[in-house]
Amino acid sequence: MATGTQPDAGQILNSLINSILLIDDNLAIHYANPAAQQLLAQSSRKLFGTPLPELLSYFSLNIELMQESLEAGQGFTDNEVTLVIDGRSHILSVTAQRMPDGMILLEMAPMDNQRRLSQEQLQHAQQVAARDLVRGLAHEIKNPLGGLRGAAQLLSKALPDPSLLEYTKVIIEQADRLRNLVDRLLGPQLPGTRVTESIHKVAERVVTLVSMELPDNVRLIRDYDPSLPELAHDPDQIEQVLLNIVRNALQALGPEGGEIILRTRTAFQLTLHGERYRLAARIDVEDNGPGIPPHLQDTLFYPMVSGREGGTGLGLSIARNLIDQHSGKIEFTSWPGHTEFSVYLPIRK
């Protein structure tokens, strides 16, 4: 009776579509299957003996936590790890386990697109719920503010002692400040006037406005796609969105300065708010600042969340609201030395 030849472990690993690495406790690579070589853009010979972090611009894996789990005799899994190599970002699911010979087997699988889309939709729903809650509170605050201000005005007219007017003035000024904050929290409630024209007109207005604020050590670079089709949009609202993002980039660079790139591209076959579009406009704002702190990234679009001292945390929340009204989306990637916001606006189905 004929028996089939059993494949060895090397053949199995070489045939896997997931990236497999064998690393030691110093994270030096001892084996990389073909999928891992393709991911890391290096041959097996060049990878051998090289510590994994040296090959990457950024790797969000919590290596200390992984090593603690392995030392405790447990496996380790992180379902959303960002890996950046040669300027390309990959979202991976990473699993690690200790082998009998003491080596660490690291398996890296691309995050399933459907699962990633579901996570994005859930996160967006949570952000919308948070925004609606803040708006409800803002409405409740705004109503008594009007009464407070009106009462202070009447009181200022009735006070016999002019020296007391200073107190009513403070009340009125603070009521106005709170009302302005509430108006910003509420944001635009209705779609504005749409026109069909090149998005580059808005981009150029933003460049003109921001150029007046640029210090000498910051470069603003334009990288436009001249073939980008015209699209229907509210120029004032899109200008506000891009201004918020570009100014955030400028503030993130700080006194050290750096570079901001305003880029436009055509995106193809994109799903936005459950609708499939053959064409969409992509507007990127990229900077080489310190990056967004990891603890802020999941809640960055929530109202009142800011990584900047003195910031209100409203700019990105309002920006997402405006882009939602255009049936578009905003997403970002960030690691030390790189942050990129991408705005997608539909052109045609």
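Yeah, the Cβs are placed from backbone N, Cα and C, and that goes for glycine too.
The phosphohistidine entry in Swiss-Prot, when matched to the candidates His90, His124, His139, His233, corresponds to His139. Counting residue by residue with DSSP, the domain 'PAS' (5-78) contains 31 helix, 16 strand, 27 coil.
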